[in-house]
Amino acid sequence: MSPTVALVMYGWIPIVLYLFTRYSPPRAVIISFVIAWLFLPQAAIVLPSIPDYTKMSATCYGILLAVFVFDSGRFSTFKPGWIDGLMALYCISPFVSSMANGLGAYDGVSSSLEQVVSWGLPYFFGRLYLSNLAGMKHLAIAIFAGGLTYIPFTLYESRFSPQLHRMVYGYHARADFSQTMRMGGYRPTVFMSHGLAVGAWMMAAALVGIWLWKSGVLKKYWDQPMKTLVPVMVVSFLNCRSTGAYLLLVFGLIILFLGSKLKTYIPLILLVVFIGTYLYMGATGYITPDRRDSIEEFVTKTLNEERAQSLIFRLENEELLSEKARQRPVFGWGGWGRARVYDDYGKDISVTDSLWIIAFGNQGAFGLITLFSTMIVPSFLLCVSRYPPKVWAHPLAAPAVCVAVVTILFALDCVLNAMPNPIFTLSSGGIAGLVLKPEPLRKRVPKRKPAGRSLPRRRHSIPLASP
């Protein structure tokens, strides 16, 4: 680990504390998460008895300390609801899996603590500070601003190859450099773990920017008109060379524009049904070799042979791991790589590309269902029940709606890739708070009180009769 990495990682907590003195707590939380995710190094410092010290665990520790120091009264305002139980169940799923596999309580507590830091704390901070329309607007704008900030870095790396992490921190963020070459150029990585993570982030920024512009929430940003910034954002996103992210953007635009125009949430329901169906088929072994051949033929005709081979490789490994996971379908195999597949010589012959298969293998159906429920259920209820399609373009509801759609698209991305993004876990917490306590879109006009003093009555004199 280079001195620069140590300085940045250990110095991040004091910076988070400073942000709480400079900005309001909701903005400080958002700024801390976005800056850490975009610019801190890909590093994991092993510490005794606690989860590895990463850029996001450092952010969570810093925010937790800042809340205790500067805003301790906020804890008393948190009132858990039924929807929070989904995240609570997911956080304890490693403990249940460890106990079910005889790994012991210590292993279970340690694994659950890691899950709490990675997933539970970002969700909790979202519930604590972003459970209102104003908080979701701040988050939506921050996602768009983060995408704009990343534009020069992605342009540089798409031209000169992913080198910024090495130039700043002394090493490449990813060992397999071959995966950065796509479509006759380079796929930017910047300071994230993979080019796919950059593509997903820029997709979210582009989609949020488009919707904030079209709904009239933002007309200008950084003193520049949105009609200029949004096309630049979209072109920069396309330059990230991530085919999957391209499709996610198309799905998001169809859901938002078609839903708002026709006052329907059918496209959103179809997307959620697709996610659930894919998870069911993958977990039950429905995708047989014959079906994989049909899928390969279809993708080859629709896209190209390279994408088809990549998809088939993914499906074959998912089936290999799913077959192992089905041996312990309820609570999984627990940690320590026990869910992976090994040959007769003890060599690992499996590749885990998708977050869903990791959750299914380690925590079984219990972990898989609770994980995707935390990502999908709050956002789905917000868009269908609390703020239906007829108000999706309303300036007050539009930021929350587009962030909710992006969060569901992130869940779809987790079906294909294993690129967790804690900012979307943060958004799930805020969205869950809005589901439990939605805000009205119309401002209540107070009734006018009667005036304290009334006008004096006019005295009418009775004329005397003339003699």
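Keep in mind that glycine also has a Cβ here, set from the backbone N, Cα and C atoms.
Please treat TrEMBL annotations as automatic predictions, because they have not gone through curation.
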Region 'Disordered' according to TrEMBL, located in which of 284-306, 445-467: 445-467
Same-chain residues near the transmembrane segment (391-412), Cβ under 8 Å, at least 6 residues beyond its ends: 133, 136-137, 139-141, 143, 200, 203-204, 207-208, 211-212, 214-217, 248, 251-252, 255-256, 259-260, 268, 271-272, 274-275, 372, 375-376, 378-380, 382-383, 421, 424, 427-428, 430-431, 434, 439, 441
Among the ranges 6-21, 138-156, 191-213, 233-258, the one whose Cβ pairs under 8 Å to the transmembrane segment (265-287) are most numerous: 233-258
Long-range neighbours of the transmembrane segment (364-384), counting only residues six or more past its ends (CB under 8 A): 83, 86-87, 89-90, 93-94, 96-97, 119, 123, 259, 265, 268-269, 272, 275-276, 279, 283, 325, 328-332, 355-356, 392, 400-401, 404-405, 407-408, 410-411, 414, 424-425, 428, 431-432, 434-435
Contacting positions for the transmembrane segment (6-21) when only residues 6+ beyond its ends and CB under 8 Å are counted: 28, 31-32, 36, 40-41, 43, 45, 53, 55, 58-59, 61-63, 65-66, 69-71, 169
